[in-house]
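Taken verbatim from Swiss-Prot:
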- 16-39: transmembrane segment (TRANSMEM)
- 46-65: transmembrane segment (TRANSMEM)
- 74-96: transmembrane segment (TRANSMEM)
- 107-130: transmembrane segment (TRANSMEM)
- 137-153: transmembrane segment (TRANSMEM)
- 160-178: transmembrane segment (TRANSMEM)
- 208-232: transmembrane segment (TRANSMEM)
- 254-271: transmembrane segment (TRANSMEM)
- 284-302: transmembrane segment (TRANSMEM)
- 316-332: transmembrane segment (TRANSMEM)
- 345-369: transmembrane segment (TRANSMEM)
Amino acid sequence: MDAFVVALTSVIQDSGFVAFTWGNAVMMLVGCILLYLAIVKGFEPLLLSPIAFGCILANVPRTGFETDPGVMQLILGGIKYEIFPPLIFMGVGAMTDFGPLIANPKTLLLGAAAQIGVFVALLGAMLLGFNVKEASAIGIIGGADGPTSIYLASKMAPHLLGAIAVAAYSYMSLVPLIQPPVMKLFTSKEERKIKMAQLRTVTHFEKVVFPIVTTIFISLLLPSVCSLIGMLMLGNLFTESGCMDRLSDTAQNALMNSVTIMLATGTGLTMKAESFLTLQTIEIICLGLVAFIGGTAGGVLFGKLMSKLDGGKTNPLIGSAGVSAVPMAARVSQVVGQQADPGNFLLMHAMGPNVAGVIGTAVAAGTMLAMVGGK
């Protein structure tokens, strides 16, 4: 009997309940709320669900995830050593059609203009007392690109990774709610009614050459983002070449789904109570909203300028698609345009700045790394 009591006491002392804190309880509640939003409300379920579950796992005491060899340490290593974000970019590249951007190259400027939100949030973060590396990692939320946000945070501010990732993916899911009021604020109804000419046909040769030339140029300009841009364009080359269908299919489906699970779960595993339950987390979430609004406004305002310069041939609404939430931001441009004129079709025109935003966010991240440096 004594031996049983000793064994039972040992089990209790070694259990997670003994080390369980109110912070762990709060974070588990946060995980459950995120699961509710993902599953019931449909907020980025493929991403927020594993992030939320990883958050719950991270706040179980005495698991040894960070110290004991195993699958969880492997997943955390995939984030720490920047393995997963480039692989996600390969899948994104395989699913992306750069045709609208090639057909109308000036929309690249709209993708660049939308990155103003990144730098607005960066300045805001510095004013709130974040150091320049932390501010850079927070600012990239404005690019509406989850993998790039995680990539930059892991290099510049690993302790803020969880908050930055949750803010980025949460606001990406809220693009249809955040963008329309900003778009309508900065445009008149007449501007929203502008119909754009049909895009020219892009040749197969152009689609094959584009990822090769883009990779070489951007990688030479900003070597720090070569892995992101290189994988993005390699995935695109798989699709556009016409002779690598199996690789394209794998990148779009099996690889993309597998890496998404690991990246999102690993992000959740970084959301420990001691690092997440701080005033900084609230500030990051607020700055993320400022970044999204700033990016949308920057794209629309540059679209207005472009419309003035080309005699009203460009609908300013497509500028809001310069954030890299593909294809959600382009769809929002289409919806807002059709609210002004049901016969207005802007989707393909908006896809130009939308895919340019993917490149633009990576370039913005590379610029920050070049200017500030990683960890």
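Cβ atoms are placed via backbone N, Cα and C, with glycine included.
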Check: Okay, the transmembrane segment (74-96) and the transmembrane segment (107-130): do they have at least three CB pairs under 8 Å, pairs separated by 6 or more?
Finding: no
Next item on the list: Flag the pair the transmembrane segment (254-271) / the transmembrane segment (345-369) as in contact if three or more Cβ pairs fall under 8 Å (sequence separation 6 or more).
Entry: no
Next item on the list: Could you tell me whether the transmembrane segment (160-178) and the transmembrane segment (46-65) have 3+ CB pairs under 8 A, leaving out pairs under 6 positions apart?
Entry: yes
Margin query: Six or more residues beyond either end and a Cβ under 8 Å away: which residues meet both conditions relative to the transmembrane segment (208-232)?
Written below: 82, 85-87, 89-90, 92-93, 96, 98, 102, 147-148, 151, 240-241, 358-359, 362-363, 365-367, 369-370, 374
Notebook entry, point to check: Thinking of Cβ pairs under 8 Å, which stretch from 74-96, 137-153, 160-178 has the most of them with the transmembrane segment (345-369)?
Noted result: 137-153
